[in-house]
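So that you can see what the record holds, here are the features copied from TrEMBL:
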- His17: active site (ACT_SITE)
- Glu66: active site (ACT_SITE)
- His70: active site (ACT_SITE)
Amino acid sequence: QMNANDCHDPPKYWTIHGLWPDRAEDCNRTWHFNVTEIKDILSDMRHYWPDVLHSSLNRTHFWKHEWDKHGTCAATLEVLNSQKKYFGKTLELYQHVDLNGCLLKAGIKPSSSYYKMTTIKEALTRFYGVMPKIQCLPPEEGEEAQTIGQIEFCFTKELQLINCTALKGESNPMQAHLKLGAEELSVCNDTLPTYYPSDVQ
């Protein structure tokens, strides 16, 4: 929707948005993104962490944004304290979580019929033993169903999966309100029918 001209052949599998430490953004403005530091993992990066919005610019625009905003903050952890470690570890976590495989095993695949959000949540919780945060685009006018848009997994500082429930009294700036055109992703509504589209038009 945002960049109809750039989003050619979007992948038909879940890709990475980012790895975000809580309560921090743009921690070190002088630590600039340098693509040569991740040259060994570029093919995996292009496959699993593609930039579907900026076809030009060597396709590194999205990675630079994620590094500047989140990577420079994540780097306070030794396991993430370089660009190679930050991007490499995120790819590892993506493979470990294997969201594509998990949903398929649970029989949840893109479809023209609707799912119950509780069915999706139960399947994910059964598989992972923790509750991810599932985000949706709300129904457009005249529609009844929300559209699944992003699935967020939460990790401890030791990078172990934990429930994505915000602690009481904890402000959580990571309620990523991602603007997609006029639409905004927000935590899915448990009662609305849920659409998991095969092709984003």
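Just so it is clear, glycine is given a Cβ too, placed from its N, Cα and C backbone atoms.
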Between His17 (active site) and His70 (active site): CA-CA distance (Å): 11
Site of maximum Cβ density within 10 Å, from active-site residues His17, His70: His70
Neighbour count (Cβ, 10 Å) for Glu66 (active site): 23
Inter-residue C-alpha distance, Glu66 (active site) and His17 (active site) (nearest angstrom): 8
